[in-house]
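Novice: Here's a structure for you.
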Amino acid sequence: MPVRRGHVAPQNTFLDTIIRKFEGQSRKFIIANARVENCAVIYCNDGFCELCGYSRAEVMQRPCTCDFLHGPRTQRRAAAQIAQALLGAEERKVEIAFYRKDGSCFLCLVDVVPVKNEDGAVIMFILNFEVVMEKDMVGSPTHDTNHRGPPTSWLAPGRAKTFRLKLPALLALTTRESSARPGGVGSAGAPGAVVVDVDLSPAVPSRESLALDEVTAMDNHVAGLGPMEEQRALVGSSSPPAGAPEPLPSPRAHSLNPDASGSSCSLARTRSRESCASVRRASSADDIEAMRAGLPPPPRHASTGAMHPLRGGLLNSTSDSDLVRYRTISKIPQITLNFVDLKGDPFLASPTSDREIIAPKIKERTHNVTEKVTQVLSLGADVLPEYKLQAPRIHRWTILHYSPFKAVWDWLILLLVIYTAVFTPYSAAFLLKETEEGPPAPDCGYACQPLAVVDFIVDIMFIVDILINFRTTYVNANEEVVSHPGRIAVHYFKGWFLIDMVAAIPFDLLIFGSGSEELIGLLKTARLLRLVRVARKLDRYSEYGAAVLFLLMCTFALIAHWLACIWYAIGNMEQPHMDSRIGWLHNLGDQIGKPYNSSGLGGPSIKDKYVTALYFTFSSLTSVGFGNVSPNTNSEKIFSICVMLIGSLMYASIFGNVSAIIQRLYSGTARYHTQMLRVREFIRFHQIPNPLRQRLEEYFQHAWSYTNGIDMNAVLKGFPECLQADICLHLNRSLLQHCKPFRGATKGCLRALAMKFKTTHAPPGDTLVHAGDLLTALYFISRGSIEILRGDVVVAILGKNDIFGEPLNLYARPGKSNGDVRALTYCDLHKIHRDDLLEVLDMYPEFSDHFWSSLEITFNLRDTNMIPGSPGSAELEGGFNRQRKRKLSFRRRTDRDPEQPGEVSALGPGRAGAGPSGRGRPGGPWGESPSSGPSSPESSEDEGPGRSSSPLRLVPFSSPRPPGEPPGGEPLTEDGEKSSDTCNPLSGAFSGVSNIFSFWGDSRGHQYQELPRCPAPTPSLLNIPLSSPCRRPRGDVEGRLDALQRQLNRLETRLSADMATVLQLLQRQMTLIPPAYSAVTTPGPGPTSTSSLLPVSPIPTLTLDSLSQVSQFMAFEELPPGAPELPQDGPPRRLSLPGQLGALTSQPLHRHGSDPGS
């Protein structure tokens, strides 16, 4: 049985470390990936979601510049500083005004902190948000959302925009205002100032992007500051103006990331003035505050510019070399990001000179920024977050509890404890008495006794073991390795410290020379307390049969040894005080010819005494006593009774359970070794390579240690279904109680869902979903963290309570994964398969709408680049539909079917089958709207709900309609599409045929009957190109037409036979019904109506006129060869819609009991 190694495996604890440190600080932060386009957000905590009002699903994959929080009062200069901070490796603090989802404005201090990986490269950014104050929305009549409505509606015209700013914000704003004036404090010549191209255009909020080459400076009217004289008085006397700046060249668009097609960057060049006086005077807001207070500049954690290393030296620099170096660096153009979507524009390559300047800027990301992270985020000196697999952090002079040294030391202490358990009772009973009776020993001190020296060494080793235990790591309840010395000491004090301390006291040294040898012998027996730790140490071998038997035999022998020492002590204590020689020692001396003399001396040797005593205890414990050594005195008899009682218990507990122990031990180990043998045989047979073989073996060992080889499903199957549901409800209670989509569900629905959930345990590094895998399940994370990668780029980090998969209600068939899902730590996930979830929701339709509306998938794994008409997609969908056959449809009887089936557009069915959200959309003829992100379900280019893979225009099978009326009798929208709620365009054409088949009980007619599943309302429709070419080959179309022809021939044959049967039944009833009839009715009471043929009553409703639709439908086989095929891809269609026969017969058909719609 392998030792559990779960707590020592390397884990990526980056996210857990950040969350654990921020729990008690009420932090609000997001984590962005620096290697993807726009530095997309890959994680946001609950505090940030509460701050901005957005959910985690809405924030994921957005640019970390938080442009979705921008509004009319958001300073473009502050947004430019955040964007510039994303280029470098230095931490930066920016004060900016943001807007919540409900439209309320707040002033926020943003900390942009880079995070490096094991190679030292910055791959992530942590943005911490701290609310400075809530801004007063002066003149704002209503709180609109920050992404809707024109910006001019926020403030009344003619009123000043005033902010109540704190002093740090005012100073920072003054610095930004001063930097816009030539030669002012903090001008562009300062190396620490943020230099961007500015103009005086008003700040207009952008919906998707922030163009930093159009950043404007805030004027006095927007900032709400006093006159310029008050600002100068606040800062102090500034340096004289240095003249007007040089004209700025027109900015050119460049790209810093050739791989990211979704974004581009622009470079803005600014020539700074060579004004050293302004640089020495002040270069940042911190220096201004220091000048104002008359104190030296405070120590700073952050840099407000890109030239932070030069700042401290330039304030006091007097040499020409320093000034020349500053002038050279100040000529480097500043770099700003431009998050503008330029997907349609070609890639613009930057000149060679610009590349040489950009390269050092990008290389700054490889600086060591870990200390900055800990200082800014207050993580503590012992926590350095790095996104990598981290081994447990161990303090200096700390010993790992699983290290080889600790293992060897434990075995050494174990041997010393066994020595103590054997020799301490023997020394106390035999040797001390022998020393008293023997001749006087020479005066050579303590070293003349060999056992005393060994005892002294044992005492020293026990004391050293106590010191080592104070520096040995342990595993806490969370399976974390604790290496902090203080926590280790507290844990040891609460555990084994008292027992170890008592066992390590050197009583021989403390009472040496006092003459009380008997007292020393009794006190030394306290070392036997260490046997408790030995039992715990040997408990890990309790599943090995041979080890258990050996330990039991050793325990039996040790108890016999202790009892032998006590048996000798009793006889030796009574021997000098007995007048009659009846003790067992006197009998032993007489038997071996070594009797005791009158003075009590002489007698058998120590060897004879010990062997005889051990012989007696063994024979008494095993109840085999021969009687040659027998108790004679009362004390000996009482002790013998006690030995017999102990022997009976020992004999019953040990030897009586030997067979049971062997069976139990070999049952567990046999299962483990059998399964391991199968795994190794599988590896050998298939020639698995070594890396994959190691992963297989490690996963098997970890899974065995986690479940102990118990199949939970097999255990549950042994209980009744009601008890299984209760157990599953208990196992999934945390998910069902705290996950929002499951709130409001009935007890029966929760029990049904709990039965379908499966728990998955994944170790670090295990890949749960590979790119391109079929998404057949929905995953809910209950513990641990995972990462989602596209190639080698991390696109998302998900933690507890996150959901990933695909929105099952939007697609009729499962899609493919667009990335790899890999575990960072030990994870527990709940997953439910697609078919199981849809089956439960069909059984509870009243809960289905609430579930789909409240379900927020944190990351959508569906690949949006799939081509709907690609080869093999039809076979995939057909196989999926055949696999998922739901024969029962739990639909409310109050739900009415649409009156007419509708018509499929010739340009594609996406216009009519997009659901209610696709009607009345003013965005264009297709109702399109810009997508919010690459992972949103609206931006999918795959087939949507209700969409078929090939365009089709179906010839109607009903009576002609007026010219201006569309098929189905429903009005058209502005762009000509029909506003129909139905999702089945062919249901009307085949409704008559399906009702006939359901009446005659054709089981094959119910095989593919499913309710049309309409999608939930979505913000935007899928964009379908007008010229969508048919991707199916001509042979496939002809094959499908031939199959339809054969099916119709079979149906025609069956219909003819059924009609003949109907006619025969009608002829038999000619004498029982009136001559003039149009339908068979139940005859009235009379002498001739002896019986009523109930099964025949609905038959005459199927007249030949009502079957004319079948003949029209069979004429479909004569369509020209180039006619388009019938749609095979799309949502499952319900073929039996009784509302479609209204135009064919005045009397409604009687619905058969097996019809799903009944």
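We number each residue from 1, going along the chain as drawn.
Each Cβ is built from the backbone N, Cα and C atoms, and glycine gets one as well.
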Novice: Report which of ASN597, ASN628, ASN732 appears in Swiss-Prot with the annotation N-linked glycosylation site.
Specialist: ASN597
Novice: Which is it, of 362-389, 670-697, 1034-1061, that Swiss-Prot names as coiled coil?
Specialist: 1034-1061
Novice: Check for me whether Swiss-Prot puts HIS484 and ARG751 on a single side of the membrane.
Specialist: yes
Novice: Residue counts in helix (H, G, I), strand (E, B) and coil for the topological domain 'Cytoplasmic' (471-494), per DSSP?
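Specialist: Going by DSSP assignments, the topological domain 'Cytoplasmic' (471-494) contains 9 helix, 5 strand, 10 coil.
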Novice: In terms of DSSP three-state secondary structure, what is the assignment for ASN597 (N-linked glycosylation site)?
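Specialist: Reduced to three states, the DSSP call for ASN597 (N-linked glycosylation site) is coil.
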Novice: Hey, what's the Cβ neighbour count for ASN597 (N-linked glycosylation site) at 10 Å?
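Specialist: Summing over all protein chains shown, ASN597 (N-linked glycosylation site) has 9 other Cβ atoms within 10 Å.
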Novice: In terms of Cβ proximity under 8 Å, which residues at least six beyond the ends of the topological domain 'Extracellular' (632-637) contact it?
Specialist: 567, 570-571, 574, 578, 582-584, 587
Novice: With Cβ-Cβ distances below 8 Å as the criterion, list the same-chain residues six or more beyond the ends of the topological domain 'Extracellular' (568-610) that contact it, or say none.
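Specialist: For the topological domain 'Extracellular' (568-610), the far contacts come to 426, 429-431, 433-434, 437, 616, 629-633, 635-636, 639.
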